[in-house]
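Since the structure comes first, as structure tokens, the remarks are kept for the end.
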């Protein structure tokens with residue numbers, strides 16, 4: 001079920017990795033080329049699969065390439081100044097080879113996306129209702145009149161109270177959580193088979209975060225939609241994802257089924273991410289363990305481990321040879337010196 | 001919304017009262033004056049005094065102002081002193097006002113009809129040849145003085161090539177019927193279509209000259225505004241919905257990008273009078289721009305007061321219109 005043959009993973013509803021993947025990303029590379037600057041490879045050969053109904057997490061800190069990966073899948077990268085290679089196979093079609101028009105026909109219908117900041121992601125001068133119905137008009141060929149009750153039901157479905165009134169409301173009249181619900185309603189309007197959620201809870205306060213995550217979980221389970229969850233927050237992953245890909249410096253450094261990954265993080269980066277989460281069961285007064293440095297300290301992957309300068313347990317080879325993504329205890333791992341303890 | 005409009009109209013009255021006082025005091029504190037302008041510097045004190053008394057200029061300024069306000073409230077701005085001595089100042093204004101409105105309207109029409117589409121296209125094809133060419137073109141529009149452009153257009157298209165009339169608003173030989181004072185509309189109303197066409201031909205050169213600056217400003221604001229909107233998250237959301245280019249352009253990009261453009265158009269209409277003074281002079285247009293220049297050089301206080309107060313009233317009204325437009329486009333303004 002993953003790019004390497006090693007990963008035994010579990011799907012919801014007890015299915016195993018034998019079915020055809022819905023989305024299959026292979027060796028995806030995105031290079032940004034700005035005039036007068038060195039080209040910058042933001043995504044350096046990322047491969048992963050998403051099966052129907054499965055929820056897959058892409059986890060990493062800012063700048064690790066997770067958002068660029070999602071935009072590349074959606075075909076939403078700016079038209080100029082970048083180069084995308086590899087394959088993004090959706091239901092057997094390589095999305096990267098599609099024309100702009102063919103991609104427009106897929107976006108919003110087969111693959112939809114929920115964005116990070118619900119206020120800026122909704123058009124401020126258009127009523128919520130129209131922002132939902134326009135997707136239905138576009139992909140279902142419905143008239144606005146016919147689409148309006150559908151939009152109303154969608155708003156109701158995502159838990160927006162008094163949906164009839166909300167149809168004519170504008171984004172600024174809704175609360176933050178409500179706006180994110182509206183964005184989810186828009187994304188799910190045409191019942192896409194794949195939903196990509198890019199940090200859908202980052203801009204919300206904690207109680208609302210939990211509600212939105214619960215809603216997403218419920219919706220994907222009810223509709224059988226596959227979900228790619230992009231986040232820097234392992235707490236989000238823990239509650240939602242079946243499988244987790246940890247990204248660092250534009251490459252996947254570790255992949256695993258959620259429980260395995262949390263119980264036995266093998267990459268020092270994953271381990272560090274988990275150690276930096278506050279825990280309720282930790283002894284009083286125990287400080288959080290941050291990962292030192294920032295992504296600016298990265299070494300080039302080509303002849304080192306990019307994470308080596310920030311690693312808690314680097315060995316000599318780490319700054320000389322690039323680690324490959326190879327099976328380690330049955331899970332893909334990119335590390336010369338894996339963490340051995342269990343948490 | 002109605003309360004908002006009423007409040008703004010009341011504000012307008014306040015603006016006009018304050019402006020009328022400042023204007024009154026300012027005009028009378030200028031060196032020279034009506035009497036010197038008419039009689040010249042060598043007139044005897046006795047003649048001067050007699051004329052001052054005749055115009056009521058011998059009284060203290062506040063008495064003059066009080067009388068002025070009293071008369072204005074009855075619609076009487078007093079007779080012109082030196083432009084057309086004896087003629088009612090308000091009549092002079094009203095007779096010339098349609099000419100300026102007609103010219104300004106067509107100038108703004110050109111500026112908007114060219115500025116917004118060009119600004120949009122330039123932004124969509126940022127850094128292309130088309131974009132760069134448009135930016136240079138608009139820079140020329142701002143940089144070339146209006147009177148020079150007016151002379152240039154007149155020289156090339158009217159005098160050298162003879163394509164368009166040299167001056168005036170309509171050929172006198174047509175003897176067209178006057179209804180509203182707007183010559184193009186008059187021709188349509190009376191079915192004298194040749195009169196309309198003739199008036200339009202007369203309009204082209206002065207309107208283009210007058211449009212140069214508002215066009216350039218509207219173009220640049222549209223371009224900048226569209227570029228900003230294209231970068232907005234909600235445009236990416238619209239793209240992620242797979243909407244057609246047409247819907248994204250019209251519904252999502254343009255509508256948001258029009259907000260700053262609307263404000264700019266309002267401000268440009270207000271600033272149009274300055275250009276109209278110069279353009280009307282070059283094309284002997286017979287509008288209030290010409291009258292303003294003339295009455296200023298001759299210190300014709302009644303005419304000056306009518307024109308400047310009317311210009312201020314137009315400015316305030318246009319901006320009220322802009323604010324209403326703004327509320328129509330942007331719901332965030334409406335609910336405040």
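If you go along the chain as it appears here, the first residue is 1 and each next one adds 1.
Every residue gets a Cβ built from N, Cα and C, even glycine.
Unlike curated entries, TrEMBL annotations are predicted automatically.
The annotation transmembrane segment is assigned in TrEMBL to B:9-27 (among others).
Annotated domain 'ABC transmembrane type-1' per TrEMBL: B:97-326, in sequence order.
Taken from TrEMBL, the feature transmembrane segment applies to B:103-123 (among others). Below 8 angstroms of C-beta separation, residues 130-131, 134-135, 138, 203, 206-208, 210-211, 214-227, 230, 249, 253-254, 257-258, 261, 265, 268-269, 272, 275-276, 279-280, 285, 287 of the same chain, each at least six residues beyond the ends of the transmembrane segment (B:103-123), sit close to that stretch.
Counting residues 6+ beyond its ends, the transmembrane segment (B:135-157) has Cβ neighbours under 8 Å at 118, 122, 163-164, 166-167, 204-206, 208-210, 212-213, 215-217, 219-220, 223, 275, 278-279, 281-283 in the same chain. Annotation comment: TrEMBL describes B:135-157 (among others) as transmembrane segment.
The annotation transmembrane segment is assigned in TrEMBL to B:203-221 (among others).
For the transmembrane segment (B:257-283), the list of distant contacts is 99-100, 103-104, 107-108, 111-112, 116, 119-120, 145-147, 150-151, 154, 166-168, 205-206, 209-210, 213-214, 217-218, 221-222, 224-226, 228-229, 289-290, 292-293, 311, 314-315, 318-319, 321-322, 325-326, 329-330: same-chain residues at least six beyond its ends, Cβ to Cβ under 8 Å. Under the heading transmembrane segment, TrEMBL lists B:257-283 (among others).
For B:303-329 (among others), the entry in TrEMBL reads transmembrane segment. Beyond its flanks by at least six residues, the transmembrane segment (B:303-329) meets 1, 4-5, 8-9, 11-12, 15-16, 19-20, 23-24, 27, 68, 77, 80-81, 83, 89-90, 92-93, 97, 255, 258-259, 262-263, 265-267, 269-270, 273, 288, 291-292, 295-296 of its own chain at Cβ-Cβ distances under 8 Å.
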